[in-house]
Amino acid sequence: MSAEYDLTIIGGGPVGMFAAFYAGMRNARVQLLESLPELGGQVQALYPEKIIHDVAGYPAIKGRELVAQLEKQLTQFPIDIQLASPVTDVTGAMGDFTITTASGQQSHSKAIIVATGSGAFEPRRLAVDNAAEFENKQLFYHIPSVKQFADRTVLVAGGGDSAIDMALMLEPVAKHVYIMHRRDRFRGMEHNVDLLKASSVEIKTPFLIKQLAETATGQLQLTMKEVRGTTEETLAVDDLIVNYGFIADNKVIRNWHVTPTMAHRLITVDTEMNTDVPGIAAIGDTVTYAGKLGLIASGFGEAPNAVNQLMMTLYPERRSPLHSTTVFEKM
């Protein structure tokens with residue numbers, strides 16, 4: 001049986017979407033499989049309102065807007081997109097891989113690019129006994145829109161770029177914003193930290209939340225304890241947003257019959273994004289190699305590399321890739 005697709009991209013986050021588009025430019029028969037009901041991966045599911053500053057050509061763009069632009073880019077080619085289709089198994093070999101999804105549907109592909117990001121993800125939850133009582137009421141781990149916090153007092157817990165970005169996004173919308181971190185120094189990029197310090201966001205360091213309670217007026221009362229100290233403070237807020245990061249795992253890949261070698265839950269690749277399984281490449285946050293940066297911008301560079309090396313392996317008689325202007329002049 002001949003393979004239905006030249007390339008199957010497993011993972012429909014921004015990097016997987018760009019890989020599918022670029023494969024379309026190479027006239028490949030492309031399938032894009034995404035486990036979630038919509039494209040965009042973690043950016044769409046967790047950070048739709050986050051302002052992204054490190055994508056070339058965009059001084060600033062919201063996560064959802066970046067995904068929308070990538071979707072628009074995809075429509076230029078006949079990409080077969082399958083949503084809500086987590087891949088449960090891969091069998092076969094280069095030239096005819098069989099890919100099985102959770103619904104039992106099978107497809108055949110000559111080669112595969114894995115772009116599953118960090119895999120399945122769960123937020124690192126607040127380690128307070130009664131925290132679950134307040135989840136999705138006054139305690140949030142990710143939010144669909146900052147508008148829900150208009151004219152409210154909000155505390156953001158966390159010390160990385162995501163927490164800082166969230167606090168800065170809330171600043172013009174909320175009545176008052178606090179940010180609390182367990183260390184005196186934030187882990188975010190220097191420019192973001194400078195913006196935070198220059199903003200009206202009130203900084204609480206070095207503190208950890210120890211207790212949650214509801215006040216008589218319906219607010220959320222936080223009891224905060226100084227790290228390596230004895231000071232305790234209480235603070236009443238309308239909402240608490242916890243940005244402690246996510247616990248991610250690509251364990252589903254380890255259950256495939258054809259499994260690339262992994263190191264610390266990430267797939268190891270060479271300079272051409274090849275795994276140790278012929279015909280399977282991997283890109284984005286799912287991979288590790290010397291000098292790897294966990295940036296969307298890095299993944300956008302890895303995608304054409306992976307597509308080109310697989311297409312040249314499958315179709316050595318084809319010409320080397322052309323510049324995009326040449327491709328679109330013919331359309």
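Cβ atoms here come from the backbone N, Cα and C positions, even for glycine.
The FAD binding site feature in Swiss-Prot is assigned to Glu34, Gln42, Tyr47, Val87, Phe121, Asp285, Thr325.
The Cβ of Tyr47 (FAD binding site) lies under 8 Å from the Cβ of Gly63, His142, Ser162, each of these being in the same chain and 6 or more residues away along the sequence.
Its own atom aside, the Cβ of Val87 (FAD binding site) has 23 Cβ atoms within 10 angstroms in the protein chains shown.
Taking the Cβ of Gln42 (FAD binding site) as centre and 10 Å as the limit, one finds 18 other Cβ atoms among all the protein chains shown.
Asp285 (FAD binding site) has a Cβ environment of 24 other Cβ atoms inside 10 Å. In the three-state DSSP reading, Val87 (FAD binding site) counts as strand.
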